[in-house]
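For reference, the structure I am asking about is given below.
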Amino acid sequence: MLKEALEVVTAKRDLDYGQVKNLLDSILEGELDEMKFGAFLAALKTKGETKEEISAFVDAFYEKAQKIEYTHPKTIDTCGTGGDGKGTFNISTASAIVLSCFDLKVAKHGNRSITSNSGSADILENLGIDIQAPPQRILEGLEKHNFAFLFAPKYHPATKKVATVRKSLGIRTVFNILGPLLNPVSLNYQVVGAFDFEAQEKIASVLKGKRKRAAIIHSLDGLDEISVSQKTRVLELQGDNIKEYYIDPKEYGIEYTLDDIKGYTPQENAKIFRSILNGEVSAYYWAVVLNSAFALYIAEVANDIEEGIALCQSAIKKGDAMLKLKDLQQHYKVGA
């Protein structure tokens, strides 16, 4: 089956959903020919993955995932693809904690660092949050504190089977866009940062019609976040509609360089995050406020980004955001 699929994609022909899904099901249930599968992933990338092919990957791995059975009308995730190569501070992770100050249930899907100095799991660990909390504590955390961190390897054991192939290839493949599409919690709202414009469009095509409202973002200076230095392209999804527009940070009086939001070690990033929650105004502060504000708009908490900025600044100024972090540290205490 893998040999036939490899021949098709090498000839630059598309596979349909069923062909890819059946292939992946057989691979995940049986033996994996790593060399052939690596060649298949590389050929698929060269050809360009279609919506149907990506959807088959999502469904095959989601079926094998350990799910968190939690239903709420205001579930949201801010997980991006990562891999933009810019080495910035953990903006989406910090934003996720700010968002949990509001009437939202933030199911933050994430992993350790792959290309940056510090991944979402790394910074949260340094903030004293148990990234491998048991499911019951996750459910209680969502219900009582509006936040849970879902450590990807814990919920997606099937990905271990292909980890060696991915590592040996050393190139971006379809797997680089799967992370945000595989949250173990059912989501109604989502903001997804993409590592390039092509990935942005592919993710939008796959997510279309699957969330109440979502946005896929990529900035002109290459970030999988809303940038504080350049315009960010947004593909906003509502129902079957995709709306394209740009966010200019200058419109909100925000103007910094990429160097101003550089990320460091997990320990240093945790320190920066505490300074943000203490209200110390900096490029980091504005990056987190702007990204949080946009997520509030997407999640229908704020009517627009401007209102979202005011809400986020107020949550930080009043101390709600710092109090939220302390509550999360207590609830998700390691060994508790």
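Just so it is clear, glycine is given a Cβ too, placed from its N, Cα and C backbone atoms.
Keep in mind it's a predicted model, so treat the numbers as computed, not measured.
When I checked Swiss-Prot for this same protein, it listed these features:
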BINDING   Gly80, Asn111  anthranilate 1 binding site
BINDING   Gly80, 83-84, Thr88, 90-93, 108-116, Ser120  5-phospho-alpha-D-ribose 1-diphosphate binding site
BINDING   Ser92, Glu225  Mg(2+) 1 binding site
BINDING   Arg166  anthranilate 2 binding site
BINDING   Asp224, Glu225  Mg(2+) 2 binding site
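Burial and contacts for the listed features, if you can.
Under the DSSP three-state reduction, Gly80 (anthranilate 1 binding site) is assigned to coil, being neither helix nor strand. The Cβ of Gly80 (anthranilate 1 binding site) has 27 other Cβ atoms within 10 Å, all protein chains considered.
Cβ neighbours within 10 Å of His109 (5-phospho-alpha-D-ribose 1-diphosphate binding site), excluding its own Cβ and spanning all shown chains: 26. DSSP gives His109 (5-phospho-alpha-D-ribose 1-diphosphate binding site) a strand state.
In the three-state DSSP scheme, Glu225 (Mg(2+) 1 binding site) is classed as coil.
Counting every protein chain shown, 18 other Cβ atoms lie within 10 Å of the Cβ of Arg166 (anthranilate 2 binding site). Secondary structure at Arg166 (anthranilate 2 binding site), as computed by DSSP, is helix.
All protein chains considered, the CB of Glu225 (Mg(2+) 1 binding site) has 27 other CB atoms within 10 Å.
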For a quick check of packing: other C-beta atoms within 10 Å of the C-beta of Arg112 (5-phospho-alpha-D-ribose 1-diphosphate binding site), how many?
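Summing over all protein chains shown, Arg112 (5-phospho-alpha-D-ribose 1-diphosphate binding site) has 15 other Cβ atoms within 10 Å.
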Are there any residues in the same chain, six or more apart in sequence, whose C-beta is under 8 angstroms from the C-beta of Ser92 (5-phospho-alpha-D-ribose 1-diphosphate binding site), and if so which?
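Spatial neighbours, sequence-distant, of Ser92 (5-phospho-alpha-D-ribose 1-diphosphate binding site): Thr78, Cys79, Gly80, Ser120, Val191, Gly193, Glu225, Asn291.
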Once the DSSP letters are reduced so that anything not helix or strand counts as coil, what is Ser92 (5-phospho-alpha-D-ribose 1-diphosphate binding site)?
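Assignment for Ser92 (5-phospho-alpha-D-ribose 1-diphosphate binding site) reads helix.
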Here the binding-site residues are Thr88, Asn111; which one has the lowest number of other Cβ atoms no more than 10 Å from its Cβ?
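It is Asn111 that, of the binding-site residues Thr88, Asn111, has the fewest other Cβ atoms within 10 Å.
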Work through the binding-site residues one by one (Asn111, Arg166, Asp224) and name whichever has its CA nearest to the CA of Thr88 (5-phospho-alpha-D-ribose 1-diphosphate binding site).
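Looking at Cα distances from Thr88 (5-phospho-alpha-D-ribose 1-diphosphate binding site), the smallest one goes to Asp224.
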I need the CA-to-CA distance for Asn111 (anthranilate 1 binding site) versus Arg166 (anthranilate 2 binding site), whole Å please.
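Spelling it out, the Cα of Asn111 (anthranilate 1 binding site) and the Cα of Arg166 (anthranilate 2 binding site) are 16 Å apart.
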